Amino acid sequence: MKNQDLVEYLRSCGVCEICQLRYLKARGAEYRNINETLQKLDVKLNENVENEELVISEGSQPSKRARLGVCSTCLGLFSKDFQNELLSSILASDFAKYDCQKIVLAICLPMSLQLRQLAMWFALRRRFGPSIDENNPPDVPIKEAVKLILHPIICEKLAKVYDANGLMINIDLTHSLEGEEVEKLVKLNKEAFPAKASHQKRIEISRGLLEKQYQPSKVKAETYEKYFQIPCSNVEESIKLTSIDLQGPLICVAGRYRKLSRELSHTPWILNGQRLMEDSIEEIIIRHVGPHFTEKLGKITFMSSGREDVDVRCLGKGRPFVLEIPNAKRSCLTKDEAFAMERAVDASGMVSIHHLQVVPREELTHIKTGEEQKKKFYRALCALQEPVSVKILEQLQISASFNIQQKTPIRVLHRRPLHTRPRTIYSVTAKVHRGNPKALIIDIVTQAGTYIKELVHGEFGRTTPSLSSIIGKPMDIQALDVVGIDLDWPHEVDNSKHKE
């Protein structure tokens, strides 16, 4: 089968030149200049119709040659008229409210398009015989062609970059014949697949069903032709744009926070409908970062690499955190903006943040996975009932790692199941507090997920061994700080060094 023969037949069936290229299996940029591509494929130009060039030339004069009617296979989906209508509708929507450089088109196509592709598949097999495979479509599928043809054009005209994680433009299309054709398809389905139809009380007609079940190897052309014309009939009306809905991207903003207060919960602390604390780390950060990206602060998800108790500070480099912001109105964060947010959070006096930045969603694996394999570094102020002896200090200089068995602490049983968890303690060092001979400052490196307070006092033998059992004396914890978290993420950025 020669390309010229194929194209001449397609022309006789009312197929537009862009769809002719689909049946010639054109790719990418080959759709941008139809004349050039047809000549390259040894196809003579049709001088009787205006080529449907995809590049919309500003200020160009319309051709006096006759235009094609509505394409019998794409129903005008790839026409200039539809491109112009689509662009105008996008610009007339809330598109300008989104400050996003990346976009993605999600186009819901009517099933009428799939039925026309199938009708042309049957027609080509009748005309060209075995050279048209009965299992593999003879064209570039409509959905793929949309990505190859429409996406680049829309992105170029909107001055945006295509990205699957960008602003999603949901486009719903329909055609006046779809309702009638779906009814016919239900009847066809019963005849083409009687065994399946007999076992189904209700037949679900879907695009997926058409893709999987309807091809010449599974449905006879004679059966199909009882309900639909082969090749597909010409139509007067083109495809219609029914709605455009915009959904902003999911933006992830990461950084590190330091918790400076011993009277601040990690997330809102509400019990029986009553707030137990006025504020939380989550609320302070979201309050100052969220409005840059969205008005719906309640939709933002706050995550961190672990958490502290209310009375525990987090110092050092801080704890990695991330905000997941759905349907964001903005996708970028300049250093100026990030620095202003950092200063606003710092002004709370309870939380400090730094290294604030937008990160790819894929990087959230750093927060979500392998949590228990991470190391955590703590400093605890502990009290004895007697002055610290040299022996006690020696017993608490532990450089070799050891394992403990730790039951779920009583204080968290209301939100954690009762389990005994093995945990690794990597090192312990201790020194006497300068101002109190009965007090110890103990530095501990542990596996993430270790309950440090219970590691110190043992909680009536529920943690074994404990530091108290190691020295053989009662010991309690007075204050605790997290001083380090073994997670090198997100990367360090100094937002204070921005251009004025």
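Quick reminder: no glycine exception, Cβ is built from N, Cα and C everywhere.
Quick caveat, the model's predicted, so the values are computed rather than measured.
Record note: among 197-210, 267-280, 351-364, 449-462, 267-280 is the stretch given as region 'RNA binding forefinger loop' by Swiss-Prot. The two recorded residues Tyr378 (substrate binding site) and Asp309 (active site, nucleophile) have their Cα atoms spaced 13 Å from each other. Asp309 (active site, nucleophile) is 10 Å away from Tyr451 (substrate binding site) when you measure Cα to Cα. Look at the Cβ of each of the binding-site residues Tyr378, Tyr451 and count the other Cβ atoms within 10 Å; the largest number goes with Tyr451. DSSP places the residues of the region 'RNA binding forefinger loop' (267-280) in helix, strand and coil in these numbers: 0 helix, 5 strand, 9 coil. In terms of DSSP helix, strand and coil, the region 'RNA binding thumb loop' (406-421) has 3 helix, 4 strand, 9 coil. Cβ contacts within 10 Å of Asp309 (active site, nucleophile), excluding its own Cβ and spanning all protein chains shown: 16.
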